């Protein structure tokens, strides 16, 4: 008899998360609409005062661009025209494509059924003193199943819960795009979404491979055990090692998904900043270079002018002093 215990557990978990998602989205949407309207009014007033006091260089273009950007953000945040629903459906589609639906619960049921078949065959062939060894082996086999499945089951439920939280927070994350000081919150939310999707993808791949290898191992172990070519105890030991290997793969997948998600966004933001800053720095460098070049030329011309003025002034002063001295000497001679 094939068991579907884990599939039923997955259905119950997804039903609970779906109820939480729908309740949270329906309750917060009205409050967000009021908050967005207040924010938009304050922004328009602030821009109006900037134009009134002459702090804006090109008021018409800046106001039109700012209002158009905020209108687009509010369209997504308030689900006007169903755009937020489209984004949420895309998020759920990526999650299911990566294997985040009920497929991994089915894989766990498949592994459990294979392990139970192996345990039943080991117990059915045992007799006499071998029943003790068979009982110990069955316990080891189920312990190996627990070592492999329990951490993976925790990660599966954690990714499903994380996906629900990401969907619930989507309107607020779009609201964070309205201001420069809160755009980093949207970036972190997007990084968490990428990391969660990658983790689900790697987990799904590892589980498919592990389930296929467990099927081959159980089939080979049953044939060898029935033909007395293998010891039941060593079958349990091999199951332990396989389970530990799966746990290590799950841990590596989790770390890799977190690193890739954060690095991908960091590199993207750095490339955007470099594209924006490089033209600005080049223009600023040229401007400063021209300013310093003109200043240097102007300074040299001013120095030359000052030197020529001082030279002409000194010559004029010397000539006047000599003429004054000659006139004084002439008067002294006449009086004598």
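Here the Cβ of each residue, glycine as well, is placed from N, Cα and C on the backbone.
What TrEMBL lists as transmembrane segment is 32-49 (among others). Same-chain residues lying 6 or more positions outside the transmembrane segment (32-49) and placing a CB less than 8 Å from one of its CB atoms are 56, 59, 62-63, 66-67, 70, 74, 77-78, 171-172, 175, 178.
Residues or ranges marked as transmembrane segment in TrEMBL: 69-88 (among others).
The transmembrane segment annotation in TrEMBL covers 132-154 (among others). Packing against the transmembrane segment (132-154) from elsewhere in the chain are residues 6, 104, 108, 111-112, 115, 118-119, 122-123, 125-126, 203, 207, 210, 232-233, 235-237, 239-240, 242-244, 246-247, 250: each is 6 or more residues past its ends and has a CB under 8 Å from a CB in it.
Tertiary neighbourhood of the transmembrane segment (160-178): same-chain residues 13-14, 17, 20-21, 24-25, 28-29, 32, 35-36, 39, 43, 70, 73, 76-79, 84, 87-88, 91-92, 95, 100, 185-186, 189-190, 192-193, 196, selected by CB-CB distance under 8 Å and a gap of 6+ residues from either end. The annotation transmembrane segment is assigned in TrEMBL to 160-178 (among others).
Sequence annotations record features per position, and here TrEMBL assigns transmembrane segment to 190-211 (among others).
What TrEMBL records for 231-252 (among others) is transmembrane segment.
Within its own chain, the transmembrane segment (69-88) is flanked in space by residues 29, 32-33, 36, 40, 43, 167, 170-172, 174-175, 177-178, which lie at least six positions past its ends and keep a Cβ under 8 Å from the stretch.
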